[in-house]
Amino acid sequence: MSYAQRVIEGLKQKYASEPVFLQAVEEVLMTLQPLLDKDAKYEKNKILERITEPERIISFRVEWVDDKGEIQVNRGYRVQYNSAIGPYKGGLRFHPSVNLGILKFLGFEQIFKNSLTGLAIGGGKGGSDFDPKGKSENEVMRFCQAFMTELHRHIGATIDVPAGDIGVGGREVGYMFGQFKRLTRSYEGVLTGKNLLFGGSLARTEATGYGAVYFAQNMLEDRGENLEGKVCAVSGAGNVATYCCEKLLQLGARPVTVSDSRGMIYDPEGIKVDVLKQVKEVERASLTRYAELVPTAKHTPVAEYPEGRNAVWSVPCFAAFPCATQNELNLADAKTLLANGCKCVAEGANMPSTLDAVHAFLEAGIAYGPAKAANAGGVATSQLEMQQNAGMQSWTFETVDGKLKDIMGNIYKNAAATAKEFGQPDNLVLGANIAGFRKVADAMIAQGVC
Ligand code: NDP
């Protein structure tokens, strides 16, 4: 049994109740074997055993009072996974499905993603099982304040800098920043994704979605292709999906789908991003509202999806952009996409494709951009926000967007060159994993056992 397999088996025994965490670990570790074979120092220094264990997990009770005067209790977490190359950095997720296993999967992925950006940021993730849906503004504010009342002890501009993720956007970041400031009397860049009025960066809101499209462009350019005039399928209807659609439209492509937890929209003329923003960002409504506002669009409720699959992936497309959540694209979906002629998949969400779906894309030899490379634009731009805060500066949209574009180009080049170095030039999963891992692992070895 190889070193990687032995570590995976050990983790399976220890963390049997955390299946998505084990899935993420397996996906990364199984691609590292060529590097581990080439250099014995990683096994000698027990790097896999060390890098898979978070440096610190903070778990806490969050108490707040709802509009009816009733006490509510949620669980909050921050997983400070790895600080070898910089302060912990990664989003906060507020969703009823949140548990420690999900946050460990996200934090583990974040280590390698952040390393790939080429910037000095370690890996972390956090969140709560709080569901912002159906809550009033005041309830969301009180929850965010209660959450930060504990979290503030553990974070700081050079310690750990959280950002948004599912269920955490500008509104929630604002309430948490306000509470941090009140508790610490410190005005610092402790959160990213802030409002432009108090230290936010232009282009941060757009960055993850735009970045995924820039990554797809890089992959396609190398294959003599581009996105112009191409039909694209996008899942999700939140931050990442919205700005993925926006960039696709700017480049002359035609995104024809978006989806949320209740159903999907098929709009053959192309998604109207202004309507999507109105429905999701302003009204915070379901996509049924989009269909009310756009007569050409058809809404299919989740209950009508064939065999529980994601109906978005049955729409014939040239390129697919999964931008909703983990494991939303399975092997059957991958086969349907390939049979319909899909030539490119760039992942905006974290681990949206199951392991067997990933293998199907790699075997088919299409341009496949794994999440930790393709969606790294968000965290990279968060780091640009940290740089602006530290220097008390505000850069223009064009400056930040230009840097984002360069960073996505560099991530692609780094992943592609590493894939080539290890003899699998089209395998960006292997390239991204090895490139991201090598930098962090070498930093850990250089810093000794600590
Ligand atoms: P949002 O909360 O803005 O949007 C999430 C979207 O996905 C919503 O439309 C939501 O539907 C849908 N969704 C969530 N869970 C499910 C589910 N179980 N089934 C079906 N649909 C679901 O989140 P983001 O856009 O920020 O995040 C999307 C993905 O991108 C996540 O995987 C996140 O980790 C990843 N990501 C985000 C980054 C960022 O900068 N925001 C950075 C890097 C990665 P509904 O509206 O009904 O809730």
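Start at 1 and count along the chain as shown; that gives each residue its number.
Backbone N, Cα and C define each Cβ position, glycine as well.
Site annotation for substrate in TrEMBL covers K89, Q110, K113, G164, and the matching candidate from S353, S382 is S382. When the binding-site residues K89, Q110, K113, N239, S382 are screened for a Cα within 10 A of the Cα of D165 (site 'Important for catalysis'), the ones that qualify are N239.
Recorded residues T208 (NAD(+) binding site) and K89 (substrate binding site) have their alpha carbons 15 Å apart, per Cα-Cα distance.
Comparing local CB density within 10 A for the recorded positions K89, K113, K125, the maximum falls on K125.
For N239 (NAD(+) binding site), the count of additional Cβ atoms within 10 Å of its Cβ stands at 25 [all protein chains shown]. Mapped onto three states, the DSSP output places T208 (NAD(+) binding site) in helix. For the binding-site residues given as Q110, T208, the lowest number of other CB atoms within 10 Å of the residue's CB is seen at Q110. With a CB cut-off of under 6 A applied against ligand 1, the recorded positions K125, T208, N239 are reduced to T208, N239.
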